[in-house]
(Lines of atoms letter the chains of each structure in order from A; the text may use other names.)
(Lines give C-alpha, C1' and ligand atoms only; values in the text may rest on other atoms or scores of the structure.)
Protein backbone atom coordinates (compact mmCIF):
# COMPACT_ATOMS: atom_id res chain seq x y z
CA UNK A 1 0.00 0.00 0.00
CA UNK A 2 1.38 3.35 -1.03
CA UNK A 3 -0.60 5.71 1.22
CA UNK A 4 -0.64 6.17 4.96
CA UNK A 5 -3.50 4.45 6.74
CA UNK A 6 -5.65 5.96 9.44
CA UNK A 7 -6.57 3.22 11.89
CA UNK A 8 -10.29 2.52 12.11
CA UNK A 9 -11.39 2.98 15.72
CA UNK A 10 -14.37 4.06 17.82
CA UNK A 11 -17.99 3.78 16.77
CA UNK A 12 -18.90 3.00 13.18
CA UNK A 13 -22.54 3.11 12.11
CA UNK A 14 -23.67 0.17 10.01
CA UNK A 15 -25.99 2.22 7.85
CA UNK A 16 -29.47 1.48 6.58
CA UNK A 17 -30.27 1.82 2.90
CA UNK A 18 -33.07 4.35 2.34
CA UNK A 19 -35.71 3.10 -0.08
CA UNK A 20 -38.74 4.80 -1.59
CA UNK A 21 -42.25 3.43 -1.03
CA UNK A 22 -41.84 1.74 -4.42
CA UNK A 23 -38.68 -0.02 -3.27
CA UNK A 24 -36.09 2.03 -5.17
CA UNK A 25 -32.97 3.41 -3.50
CA UNK A 26 -33.57 6.93 -2.16
CA UNK A 27 -30.27 8.76 -2.49
CA UNK A 28 -31.73 12.10 -1.36
CA UNK A 29 -31.81 10.89 2.26
CA UNK A 30 -28.06 10.27 2.52
CA UNK A 31 -26.98 13.89 2.95
CA UNK A 32 -29.33 14.53 5.88
CA UNK A 33 -28.47 11.05 7.20
CA UNK A 34 -24.78 11.99 7.44
CA UNK A 35 -25.64 15.24 9.22
CA UNK A 36 -27.84 13.36 11.70
CA UNK A 37 -25.09 10.86 12.53
CA UNK A 38 -22.53 13.60 13.13
CA UNK A 39 -24.71 16.18 14.88
CA UNK A 40 -27.08 13.96 16.86
CA UNK A 41 -25.01 10.84 17.53
CA UNK A 42 -21.38 12.02 17.29
CA UNK A 43 -20.70 9.09 14.97
CA UNK A 44 -18.28 9.99 12.19
CA UNK A 45 -17.52 6.71 10.44
CA UNK A 46 -19.86 4.46 8.46
CA UNK A 47 -19.97 0.91 7.16
CA UNK A 48 -22.28 0.89 4.14
CA UNK A 49 -24.02 -1.84 2.12
CA UNK A 50 -23.56 -4.43 4.83
CA UNK A 51 -26.17 -6.56 6.60
CA UNK A 52 -28.02 -3.57 8.05
CA UNK A 53 -27.91 -1.92 4.63
CA UNK A 54 -29.44 -4.99 2.96
CA UNK A 55 -26.37 -5.08 0.72
CA UNK A 56 -26.93 -8.61 -0.52
CA UNK A 57 -30.46 -7.64 -1.64
CA UNK A 58 -29.18 -4.77 -3.77
CA UNK A 59 -27.92 -4.87 -7.34
CA UNK A 60 -24.30 -4.11 -8.11
CA UNK A 61 -25.36 -0.83 -9.76
CA UNK A 62 -27.43 0.18 -6.72
CA UNK A 63 -24.50 -0.54 -4.44
CA UNK A 64 -22.25 1.60 -6.63
CA UNK A 65 -24.71 4.49 -6.58
CA UNK A 66 -25.03 4.33 -2.80
CA UNK A 67 -21.28 4.14 -2.26
CA UNK A 68 -20.67 7.09 -4.57
CA UNK A 69 -23.22 9.31 -2.80
CA UNK A 70 -21.97 8.35 0.68
CA UNK A 71 -18.42 9.23 -0.36
CA UNK A 72 -19.51 12.43 -2.10
CA UNK A 73 -21.60 13.78 0.78
CA UNK A 74 -19.27 12.41 3.44
CA UNK A 75 -16.17 14.13 2.09
CA UNK A 76 -14.93 16.61 4.66
CA UNK A 77 -17.57 15.46 7.16
CA UNK A 78 -17.12 11.76 7.82
CA UNK A 79 -13.81 10.38 9.04
CA UNK A 80 -14.10 7.05 7.24
CA UNK A 81 -16.48 5.47 4.74
CA UNK A 82 -16.01 1.71 4.61
CA UNK A 83 -17.78 0.05 1.70
CA UNK A 84 -18.84 -3.56 2.01
CA UNK A 85 -18.19 -5.24 -1.34
CA UNK A 86 -18.92 -8.88 -0.52
CA UNK A 87 -21.09 -10.82 -2.98
CA UNK A 88 -21.79 -14.41 -3.94
CA UNK A 89 -19.90 -13.79 -7.19
CA UNK A 90 -16.22 -12.93 -6.91
CA UNK A 91 -16.52 -10.93 -10.14
CA UNK A 92 -19.17 -8.69 -8.60
CA UNK A 93 -17.05 -8.25 -5.47
CA UNK A 94 -14.04 -7.32 -7.57
CA UNK A 95 -16.03 -4.77 -9.55
CA UNK A 96 -17.39 -3.21 -6.36
CA UNK A 97 -13.87 -3.07 -4.92
CA UNK A 98 -12.56 -1.37 -8.06
CA UNK A 99 -15.42 1.12 -7.92
CA UNK A 100 -14.89 1.85 -4.22
CA UNK A 101 -11.28 2.77 -4.94
CA UNK A 102 -12.32 5.04 -7.80
CA UNK A 103 -14.75 7.10 -5.68
CA UNK A 104 -12.41 7.72 -2.76
CA UNK A 105 -13.69 5.23 -0.19
CA UNK A 106 -11.53 4.83 2.90
CA UNK A 107 -11.66 1.06 2.97
CA UNK A 108 -13.52 -2.03 1.82
CA UNK A 109 -14.84 -5.08 3.62
CA UNK A 110 -15.71 -8.56 2.40
CA UNK A 111 -18.12 -11.10 3.80
CA UNK A 112 -17.75 -14.78 3.01
CA UNK A 113 -19.88 -16.17 0.20
CA UNK A 114 -22.75 -18.07 1.77
CA UNK A 115 -24.18 -20.28 -0.98
CA UNK A 116 -20.98 -22.03 -1.95
CA UNK A 117 -19.36 -21.71 1.46
CA UNK A 118 -15.55 -21.81 1.58
CA UNK A 119 -14.47 -25.21 2.87
CA UNK A 120 -11.68 -23.79 5.03
CA UNK A 121 -9.83 -20.63 5.99
CA UNK A 122 -7.39 -21.01 3.09
CA UNK A 123 -10.25 -20.86 0.57
CA UNK A 124 -11.78 -17.78 2.17
CA UNK A 125 -8.39 -16.09 2.46
CA UNK A 126 -7.87 -16.68 -1.29
CA UNK A 127 -11.30 -15.20 -2.05
CA UNK A 128 -10.48 -12.07 -0.04
CA UNK A 129 -7.08 -11.81 -1.71
CA UNK A 130 -8.54 -11.93 -5.21
CA UNK A 131 -10.99 -9.17 -4.32
CA UNK A 132 -8.26 -7.02 -2.78
CA UNK A 133 -6.22 -7.02 -5.99
CA UNK A 134 -8.86 -4.77 -7.59
CA UNK A 135 -8.30 -2.11 -4.90
CA UNK A 136 -4.72 -2.73 -3.77
CA UNK A 137 -4.35 0.71 -2.12
CA UNK A 138 -7.52 0.46 -0.03
CA UNK A 139 -7.50 -1.06 3.47
CA UNK A 140 -9.22 -4.44 3.36
CA UNK A 141 -11.29 -5.79 6.26
CA UNK A 142 -12.73 -9.27 6.69
CA UNK A 143 -16.37 -9.16 7.80
CA UNK A 144 -16.93 -12.19 10.04
CA UNK A 145 -20.61 -12.99 10.64
CA UNK A 146 -21.03 -16.77 10.87
CA UNK A 147 -24.73 -16.58 11.79
CA UNK A 148 -25.43 -15.29 8.26
CA UNK A 149 -22.69 -16.96 6.21
CA UNK A 150 -22.61 -20.42 7.76
CA UNK A 151 -18.80 -20.26 8.00
CA UNK A 152 -17.85 -22.78 10.67
CA UNK A 153 -14.15 -22.03 11.11
CA UNK A 154 -12.63 -19.35 13.34
CA UNK A 155 -11.95 -15.81 12.18
CA UNK A 156 -8.53 -16.16 13.79
CA UNK A 157 -7.75 -18.94 11.30
CA UNK A 158 -8.53 -16.55 8.44
CA UNK A 159 -6.26 -13.87 9.91
CA UNK A 160 -3.35 -16.25 10.46
CA UNK A 161 -0.78 -15.38 7.79
CA UNK A 162 -3.14 -13.19 5.79
CA UNK A 163 -0.63 -10.32 5.81
CA UNK A 164 1.66 -12.45 3.67
CA UNK A 165 -0.87 -12.66 0.84
CA UNK A 166 -2.87 -9.42 1.27
CA UNK A 167 -0.59 -6.43 1.95
CA UNK A 168 -3.63 -4.14 2.22
CA UNK A 169 -5.27 -6.15 5.00
CA UNK A 170 -6.14 -3.96 7.99
CA UNK A 171 -8.49 -5.90 10.28
CA UNK A 172 -11.76 -7.63 10.97
CA UNK A 173 -15.36 -6.71 11.72
CA UNK A 174 -16.24 -9.46 14.18
CA UNK A 175 -19.98 -10.10 14.44
CA UNK A 176 -20.06 -13.19 16.60
CA UNK A 177 -20.23 -14.19 20.24
CA UNK A 178 -17.20 -16.51 20.51
CA UNK A 179 -15.00 -14.45 22.83
CA UNK A 180 -12.19 -17.00 22.62
CA UNK A 181 -11.96 -16.54 18.86
CA UNK A 182 -12.38 -12.78 19.20
CA UNK A 183 -9.56 -12.67 21.74
CA UNK A 184 -7.31 -14.58 19.36
CA UNK A 185 -8.09 -12.04 16.63
CA UNK A 186 -7.17 -9.16 18.95
CA UNK A 187 -3.97 -10.92 20.02
CA UNK A 188 -2.85 -11.64 16.45
CA UNK A 189 -3.74 -8.12 15.29
CA UNK A 190 -1.66 -6.35 17.92
CA UNK A 191 1.70 -6.83 16.21
CA UNK A 192 0.24 -5.65 12.88
CA UNK A 193 -1.59 -2.59 14.22
CA UNK A 194 -4.82 -3.83 12.66
CA UNK A 195 -8.31 -2.86 13.79
CA UNK A 196 -10.65 -5.35 15.40
CA UNK A 197 -14.20 -3.97 15.43
CA UNK A 198 -16.94 -5.75 17.36
CA UNK A 199 -20.38 -6.19 15.82
CA UNK A 200 -22.71 -7.45 18.56
CA UNK A 201 -23.91 -4.17 20.00
CA UNK A 202 -25.50 -5.42 23.22
CA UNK A 203 -22.33 -7.33 24.17
CA UNK A 204 -19.81 -4.57 23.48
CA UNK A 205 -18.42 -4.34 27.02
CA UNK A 206 -17.16 -7.93 26.95
CA UNK A 207 -15.30 -7.15 23.73
CA UNK A 208 -13.83 -3.92 25.09
CA UNK A 209 -12.27 -5.85 27.96
CA UNK A 210 -10.57 -8.09 25.38
CA UNK A 211 -9.10 -5.04 23.66
CA UNK A 212 -11.16 -4.37 20.53
CA UNK A 213 -10.50 -1.03 18.93
CA UNK A 214 -14.08 -0.05 18.22
CA UNK A 215 -17.46 -1.32 17.13
CA UNK A 216 -19.59 -1.47 13.99
CA UNK A 217 -23.31 -1.70 14.63
CA UNK A 218 -26.79 -0.78 13.54
CA UNK A 219 -27.96 0.67 16.86
CA UNK A 220 -25.17 3.26 16.76
CA UNK A 221 -27.30 5.00 14.13
CA UNK A 222 -29.62 6.18 16.91
CA UNK A 223 -27.84 5.29 20.17
CA UNK A 224 -24.33 6.32 19.21
CA UNK A 225 -24.31 9.27 21.60
CA UNK A 226 -25.00 6.96 24.56
CA UNK A 227 -22.51 4.29 23.50
CA UNK A 228 -19.87 6.98 23.01
CA UNK A 229 -20.39 7.86 26.68
CA UNK A 230 -19.91 4.19 27.52
CA UNK A 231 -16.65 4.08 25.57
CA UNK A 232 -15.42 7.25 27.31
CA UNK A 233 -16.28 5.80 30.73
CA UNK A 234 -14.41 2.61 29.88
CA UNK A 235 -11.35 4.53 28.66
CA UNK A 236 -11.40 6.58 31.87
CA UNK A 237 -11.46 3.45 34.03
CA UNK A 238 -14.99 4.14 35.30
CA UNK A 239 -16.12 0.54 35.11
CA UNK A 240 -19.21 1.01 37.26
CA UNK A 241 -20.61 3.60 34.85
CA UNK A 242 -19.61 1.46 31.87
CA UNK A 243 -21.45 -1.56 33.27
CA UNK A 244 -24.50 0.53 34.17
CA UNK A 245 -24.77 1.87 30.62
CA UNK A 246 -24.21 -1.59 29.12
CA UNK A 247 -26.93 -3.08 31.35
CA UNK A 248 -29.40 -0.35 30.34
CA UNK A 249 -28.48 -0.91 26.70
CA UNK A 250 -29.13 -4.63 27.15
CA UNK A 251 -32.58 -3.85 28.56
CA UNK A 252 -33.47 -1.88 25.42
CA UNK A 253 -32.29 -4.67 23.12
CA UNK A 254 -34.05 -7.34 25.21
CA UNK A 255 -37.28 -5.34 25.01
CA UNK A 256 -36.86 -5.14 21.22
CA UNK A 257 -36.01 -8.83 20.84
CA UNK A 258 -39.07 -9.84 22.85
CA UNK A 259 -41.22 -7.95 20.34
CA UNK A 260 -39.24 -9.30 17.39
CA UNK A 261 -36.17 -7.40 16.25
CA UNK A 262 -34.68 -7.88 12.80
CA UNK A 263 -33.32 -5.62 10.06
CA UNK A 264 -36.77 -4.51 8.91
CA UNK A 265 -37.87 -3.61 12.45
CA UNK A 266 -34.56 -1.89 13.13
CA UNK A 267 -34.92 0.14 9.95
CA UNK A 268 -38.36 1.37 10.97
CA UNK A 269 -37.06 2.19 14.46
CA UNK A 270 -34.40 4.37 12.83
CA UNK A 271 -37.12 6.22 10.93
CA UNK A 272 -39.12 6.77 14.11
CA UNK A 273 -36.16 7.93 16.21
CA UNK A 274 -34.34 10.06 13.64
CA UNK A 275 -37.24 11.43 11.62
CA UNK A 276 -35.44 10.35 8.44
CA UNK A 277 -37.48 8.40 5.89
CA UNK A 278 -35.65 5.07 5.67
CA UNK A 279 -38.56 3.48 3.82
CA UNK A 280 -39.48 -0.20 3.68
CA UNK A 281 -37.09 -3.15 3.57
CA UNK A 282 -36.65 -5.14 0.37
CA UNK A 283 -38.14 -8.61 0.02
CA UNK A 284 -37.77 -11.23 1.36
CA UNK A 285 -37.78 -8.98 4.46
CA UNK A 286 -41.29 -7.87 5.36
CA UNK A 287 -42.31 -4.38 6.49
CA UNK A 288 -42.49 -3.83 10.23
CA UNK A 289 -45.80 -2.94 11.92
CA UNK A 290 -45.51 0.74 12.83
CA UNK A 291 -46.83 0.11 16.35
CA UNK A 292 -43.98 -2.29 17.08
CA UNK A 293 -41.34 0.16 15.85
CA UNK A 294 -42.92 2.98 17.81
CA UNK A 295 -42.83 0.97 21.03
CA UNK A 296 -39.13 0.21 20.58
CA UNK A 297 -38.41 3.78 19.50
CA UNK A 298 -40.00 5.08 22.69
CA UNK A 299 -37.75 2.78 24.72
CA UNK A 300 -34.75 4.12 22.81
CA UNK A 301 -35.81 7.73 23.41
CA UNK A 302 -36.35 7.11 27.13
CA UNK A 303 -32.85 5.60 27.39
CA UNK A 304 -31.28 8.50 25.49
CA UNK A 305 -33.13 11.19 27.45
CA UNK A 306 -32.10 9.58 30.73
CA UNK A 307 -28.46 10.35 29.91
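Easy rule for this one: first residue shown is 1, then count along the chain.
Any Cβ shown, glycine's included, is placed from N, Cα and C.
Annotation comment: TrEMBL describes 52, 216 as pyruvate binding site. Sequence annotations record features per position, and here TrEMBL assigns active site, proton donor/acceptor to 143. Taken from TrEMBL, the feature active site, schiff-base intermediate with substrate applies to 173.
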Just to confirm: which same-chain residues, 6+ apart in sequence, have a Cβ under 8 Å from the Cβ of residue 52 (pyruvate binding site)?
14, 15, 16, 218, 263, 266, 267
Is it possible to get the count of other C-beta atoms within 10 angstroms of the C-beta of residue 216 (pyruvate binding site)?
28
Where residue 143 (active site, proton donor/acceptor) and the residue listed as 'active site, schiff-base intermediate with substrate' are concerned, what is their Cα separation in Å, rounded?
5
If I take the alpha carbons of residue 216 (pyruvate binding site) and the residue listed as 'active site, schiff-base intermediate with substrate', what is the distance between them in whole Å?
7
Chain-internal residues, separated by at least six, CB under 8 A from residue 173 (active site, schiff-base intermediate with substrate):
47, 109, 141, 142, 143, 144, 145, 197, 199, 216
Taking the Cβ of residue 143 (active site, proton donor/acceptor) as the centre, count every other Cβ atom within 10 Å, in any protein chain shown.
27
